[in-house]
Amino acid sequence: MEPEKQTEISEFFLQGLSEKPEHQTLLFTMFLSTYLVTIIGNALIILAIITDSHLHTPMYFFLFNLSLVDTLLSSTTVPKMLANIQAQSRAIPFVGCLTQMYAFHLFGTMDSFLLAVMAIDRFVAIVHPQRYLVLMCSPVCGLLLGASWMITNLQSLIHTCLMAQLTFCAGSEISHFFCDLMPLLKLSGSDTHTNELVIFAFGIVVGTSPFSCILLSYIRIFWTVFKIPSTRGKWKAFSTCGLHLTVVSLSYGTIFAVYLQPTSPSSSQKDKAAALMCGVFIPMLNPFIYSIRNKDMKAALGKLIGKVAVPCPRPEQLLDVYHVPGSLLAARDTEMHPIPYPGGVQSLAGNRDME
């Protein structure tokens with residue numbers, strides 16, 4: 001069969017995580033719960049940073065952006081997966097497929113760049129504490145963030161434009177639960193040599209640069225910390241970067257565990273596992289990691305929740321219900337006995353000693 005032109009293709013079909021009907025309810029419940037926790041957790045982090053002036057620092061500025069990117073990354077794949085499970089359909093429009101691929105690589109790569117920028121922030125805070133406010137001023141933070149968005153957007157745009165030039169067979173099934181770059185290339189009937197070269201080039205430059213930056217930053221951080229004479233000083237220095245190091249270990253540990261293995265027929269399952277961990281579960285865990293041992297963040301979250309919580313009524317606010325004179329409320333050993341009467345409910349204040 002002749003492959004149809006890409007412009008004539010209306011949709012692809014996603015293989016999903018499981019084709020067994022008995023698994024669909026479990027998958028829907030699990031990923032809906034995960035997605036709701038991700039949205040609520042990251043939204044609380046974002047609102048806490050916005051509303052608490054004590055968190056208006058470079059470190060929390062980058063954490064704000066990380067929470068935003070994690071929310072967008074999870075929203076790229078999970079809602080469509082839930083919709084397909086609910087509708088018992090595996091179809092995704094061709095344009096929607098390219099859009100999903102663009103967004104996933106944009107936010108996924110941006111996540112790595114933000115982790116690298118946060119490593120630079122921790123490097124400056126520990127190695128050059130006296131110059132921290134000068135080196136990490138607002139223009140510098142804005143420049144680091146803007147450059148990261150520009151590079152990641154350029155990479156995703158080039159991948160998407162090159163993919164749009166390829167031809168595919170109608171009714172092709174993507175061996176994944178969302179539209180990813182490599183599974184789409186495997187379905188193309190065109191020459192993908194250019195695409196593969198671009199993927200390799202970006203993998204070397206964009207893929208390894210954030211990790212190299214993180215690695216070099218922490219080598220310098222550890223070298224500086226080990227020279228601190230007191231154990232308390234070392235612990236205090238390590239505590240400022242421990243949470244970030246936990247997230248980095250989760251992210252890159254997953255990638256290394258999945259891809260630094262011999263190629264096997266189950267490579268598509270490895271791709272799914274890595275995508276689930278990096279695109280679904282780590283964005284859900286990040287708010288807990290950054291708040292559970294962070295006193296400043298816990299205090300900000302406490303203030304935020306206190307503002308939105310419904311306040312309990314004070315005793316004097318109940319006067320309109322019980323019609324008790326204020327002077328009696330000040331008396332000791334008194335209690336109120338609501339009794340019915342034709343017009344409604346009234347109360348009498350009685351002294352226990354007189355009963």
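Glycine residues also receive a Cβ, built from the backbone N, Cα and C atoms like all the rest.
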Discussion item. Taking Glu19 first and then Lys270, would you say Swiss-Prot puts both of them on the same side of the membrane?
Written reply: yes
Fill in: Any contact, the transmembrane segment (196-219) to the transmembrane segment (101-120), with at least 3 Cβ pairs under 8 A
yes
Worksheet item: Can we call the transmembrane segment (237-259) and the transmembrane segment (58-79) in contact, meaning three or more C-beta pairs below 8 angstroms at a sequence separation of 6+?
Response: no
Discussion item. Looking only at the topological domain 'Extracellular' (80-100), what is the model's average confidence as pLDDT?
Written reply: 89
Worksheet item: For the topological domain 'Cytoplasmic' (220-236), what are the same-chain contacts with Cβ under 8 Å, counting residues 6+ beyond its ends?
Response: 122-123, 126-127
